[in-house]
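*Asks:* First the structure, which I've put down as structure tokens, then a few questions once you've had a look.
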Amino acid sequence: MALLKSFIDVGSDSHFPIQNLPYGVFKPESNSTPRPAVAIGDLVLDLSAISEAGLFDGLILKDADCFLQPNLNKFLAMGRPAWKEARSTLQRILSSNEPILRDNDVLRRKSFHQMSKVEMIVPMVIGDYTDFFASMHHAKNCGLMFRGPENAINPNWFRLPIAYHGRASSIVISGTDIIRPRGQGHPQGNSEPYFGPSKKLDFELEMAAVVGPGNELGKPIDVNNAADHIFGLLLMNDWSARDIQAWEYVPLGPFLGKSFGTTISPWIVTLDALEPFGCQAPKQDPPPLPYLAEKESVNYDISLEVQLKPSGRDDSCVITKSNFQNLYWTITQQLAHHTVNGCNLRPGDLLGTGTISGPEPDSYGCLLELTWNGQKPLSLNGTTQTFLEDGDQVTFSGVCKGDGYNVGFGTCTGKIVPSPP
């Protein structure tokens, strides 16, 4: 089959060819109304302009106003038939042999914007955010550090996707500075706890699923139908203050050590775009209980990378590489488990995967693991470092390598700035 091509010039190394078309929300000017968009090459396609021109002419979307909203929530709520229709329409009107947009100079000028000149914002209203703990390698490494080899992974971990409820209000878009959090820490021994800026600030390499239609209160989602409730994935950095977290987490789990900031990438890559990169998820032993047993257990071959640009330096260092395949619990199992007690999910809710660590030290997904809680400093082109310092910039990237094209997520970037005096 010939590779689908667009009339938009897209470089071979671009994350955003016509095979991808990820969704986001942008503002052409800082004071303009937000509008939904898809990315293609170096351009942003304004979906409100496409909608107003009547180009969404399918049965579901022809009279819909979902792309005239300032966020994606209404579109997310419409479900997979609408998502598939939108994708089909967009691929058709952007294809190289379709004149309806290609040859309409007025509409092209109205619809396309240079990505480098627009402001991207959080693309949906996030009512709730839950963070899972789905990588076995990450769970094992944390257990080895804090509990020892005898109890590295708690028995319940292999039985259910562990999670905690995060703070939706502090989720920010890529490029937003992160203020070093303040809180209580506790030194070794019997010393009194201290209060002040975190001394062990860390990143966590994660991805997150964006919830689509969701479910009514009291009506769980079957694990084999869960994919129809996941619109797509994005990159996520769940910034973590390890010293605050270690002192506070017993007995109820993370609080101030996590709630100060979570960064997401601006573009949501749909499950339809990821479908060619689906792969078998790890075999689960013991077998999951029936409500978590999937007919097909799918992960995705998404290569992930973290770059650290130390404060005052012009160069960045690649400090780890991992892959979405390293998740033990699938995103569909995570969603099904979340709802099995009757909990209702809503359009735009965010489900984080937890840190995606691989089996080898160069694939660990956070500094806690990479430096083994500060005991093994990281080498950075002639200098060493344990945790994040003020001025450090962390950038995630993720991409699927296709045959002649990429399906990528762009980047997820944040810089650490000092705590206020």
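Cβ atoms here come from the backbone N, Cα and C positions, even for glycine.
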*Asks:* Starting from the Mg(2+) binding annotation in Swiss-Prot that includes Lys258, Thr262, which of Asp238, Asp243, Asp272 is the extra site residue?
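*Replies:* Swiss-Prot names Asp238 for this Mg(2+) site.
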*Asks:* Given that Swiss-Prot annotates Glu204, Glu206, Asp238 as binding Ca(2+), state which candidate in Asp131, Asp285, Asp301 belongs to that site as well.
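*Replies:* Within the candidate list, Swiss-Prot flags Asp131.
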*Asks:* Per DSSP, to which secondary structure element type does His138 (active site, proton acceptor) belong, with helix, strand and coil as the options?
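*Replies:* Its secondary structure by DSSP: helix.
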*Asks:* Counting only residues 6+ apart in the same chain, whose Cβ is under 8 Å from the Cβ of Lys258 (Mg(2+) binding site)?
*Replies:* Asp131, Gly166, Arg167, Asp238, Trp239, Ser240, Ala241, Gln245
*Asks:* Could you check which of the binding-site residues (Glu206, Tyr249, Thr262, Thr355) sits closest to His138 (active site, proton acceptor), going Cα to Cα?
*Replies:* Thr355
*Asks:* By CA distance, which of the binding-site residues (Arg147, Tyr249, Thr262, Thr355) lies nearest to Glu206 (Ca(2+) binding site)?
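*Replies:* That would be Thr355, the closest of Arg147, Tyr249, Thr262, Thr355 to Glu206 (Ca(2+) binding site).
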*Asks:* What's the CA-CA gap between Tyr249 (substrate binding site) and Glu204 (Ca(2+) binding site) in angstrom, rounded?
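*Replies:* Pair distance, Cα basis, whole Å: 17 Å.
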